[in-house]
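K.L.:
These came from Swiss-Prot, pasted as-is:
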| type | residues | note |
| --- | --- | --- |
| REGION | 2-99 | region 'Interaction with p53/TP53' |
| MOD_RES | 2 | N-acetylalanine |
| REGION | 6-21 | region 'G3BP1-binding' |
| MOD_RES | 24 | phosphothreonine |
| REGION | 126-164 | region 'Disordered' |
| MOD_RES | 208 | phosphoserine |
| MOD_RES | 223 | phosphoserine |
| REGION | 300-323 | region 'Disordered' |
| COMPBIAS | 300-309 | compositional bias 'Basic and acidic residues' |
| MOD_RES | 314 | phosphoserine |
| MOD_RES | 330 | phosphoserine |
| REGION | 350-369 | region 'Disordered' |
| MOD_RES | 359 | phosphoserine |
| MOD_RES | 364 | phosphoserine |
| ACT_SITE | 418 | active site, nucleophile |
| MOD_RES | 541 | phosphoserine |
| REGION | 542-580 | region 'Disordered' |
| MOD_RES | 566 | phosphothreonine |
| MOD_RES | 570 | phosphoserine |
């Protein structure tokens, strides 16, 4: 008995073709109204007299088990069809008007194309078709009539037939552009035997591949099929009116056991490559695709296919799939096209039952990445096992001010990060800052997946990007008396981990529409590092006592025997005796020393003078000293410093009795930091709310001396000249005349070259000192970085 492989039908059917395939007495499919029950098939010998077509009937009470008495023919197979409107099947194809007689007489076809899911295909058993297949098997598997139309098919459409050999199925004629193939009865027996030795694996439906892929949302990578079309597709043999009602995919409940391609999330790019259905079980083999004979299935997405579950618990649905057992073997899959290629028959009974069960969807890479981000997010200091180690290191650290010769590297700017890059270059050129961050170990993501100190981690990583500069070449003589020094900068890089801090710590600098300001960003960095170090200190001493931080012994500032209880005092307030036995009430914030305050932290004293009342003084910590340069009298940095400490009157001050009194205020420097950062306030806010830039030239020296008149009375005579003298090592410039835009660059002193470098994002070049202190009109100094000369 000859076995024939299934014939597949794709594409739109003309009215004539529709009548030839589905309406003629020898070839028709009659589908009664859907009853939601399991299906069965009547054999040819059971057909009533005078009835020349097969009728698909739906059982009502029970599933009809396979019977040995039923003849094995006509045989049926389960296959999957793609949307007939898919471009790869209709491109360049013309609908065949005439169908071979063998097909018209003996074949029954059904095609479901709602989605790329399982299809219903009937195998032919006619002698005429067998003769056609036998004649064409040696000629590449194409019939004579269809071979003439081969040029009209899409490129590469028949490429899968080239690999046919002795073990492959014999090709057959084409029906509406698709081929059928024939195997041997021996192969079917081998497939049936192979089925029995397969281990049980989690079953699945013929509706979807083992790795469910969403064919609706987009094309599958590495698949030859583009996105399928499902909007206007109609199942062959069904009326238009019942199409949407019968085949619309409903939303499955959570406990539904049915898996369809339309409801599964995308979890990969592979689909099942080789599988077969035999005796109600799905088989997979590495080298061949086999199909069971004699089964035609209907799908019911809501049908309960678990035999252990009561029927009353089965959820309602629309399309039914009768199934009772499936054994797919896990095999890497490629695409849905593999379901149609080189199909081989296998011996089986007419009925095939496929059991489907839901399996938890494999998490997508994006979902797992988000979970990793959550796990690698910020954690409290108490939950960070590495935090205590860093805290112990910071407690014993000694600040090193020795200059280090680093190989310069530019910073790539792919956004509006020039204000950040300029600030980072100045901090890298600061020796104590560099040594501090190099003192802290650099932990990898594996060693420290969770962190409580993102700011410290980022700057430790930044400083480790820079290494000692190689021995510089000897200066060479150029034209005239100029000495030209060559510089060999390292490769530029993009510090994305630094940029990410703006969003990780949720700084206001990350808000859209804000003007990027280098001074504001510097404050963001220094305050952030200071706060993280404070939190680490609390690990070592949770009950840390509040200590007043002052420049010098406490006994020099406070006379205990002259303290008076004013009734308004607090732990942070005391009376201080100044020159000429004048007393003042001094208040200060809770200062806790950290390595950052040890580098950049200075103190200013603000004294308020009021008639017939004691002076009131306040100590404040600063990282950058704000210098007002708006006055026309201010032309140099020294002028701005003198203006800072000048005594000013406060207008409109009244007492509790609402009497206006004369009040004045004066600011002095209480403590000078090792690294003094001067901020030239070039951006002035107007009363109307606008902002303008002061483009006036301000002269600044390389060596800056802080005069005694700028210091507080208690420390004027306690600082030597070398402790009040600073040397310039970095300048941050702002380019342009606009306050709402512009560009930032940095000049830094390179100790290895004993000269200056100009760094503009990733561009590094050598300049002379004159270009630093006398910039052109289009670039104005904005931040001046000085170091104390006694620490050089």
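Note that Cβ sites are derived from N, Cα and C of the backbone, with glycine treated the same way.
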K.L.:
By a simple count of other Cβ atoms within 10 Å, which of 418, 541, the recorded positions in the record, is least packed?
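P.N.:
Minimum Cβ neighbour count within 10 Å, taken over the recorded positions 418, 541, occurs at 541.
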K.L.:
So, in DSSP terms, is residue 541 (phosphoserine) helix, strand, or coil?
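P.N.:
In three-state terms, residue 541 (phosphoserine) counts as coil.
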K.L.:
Determine, to the nearest whole angstrom, how far the Cα atom of the residue listed as 'active site, nucleophile' is from the Cα atom of residue 541 (phosphoserine).
P.N.:
40
K.L.:
If you average per-residue pLDDT over the region 'Interaction with p53/TP53' (2-99), what number do you get?
P.N.:
52
K.L.:
Which secondary structure state does DSSP assign to the residue listed as 'active site, nucleophile', in the simple three-class scheme?
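P.N.:
Going by the DSSP assignment, the residue listed as 'active site, nucleophile' falls within a helical segment, counted as helix.
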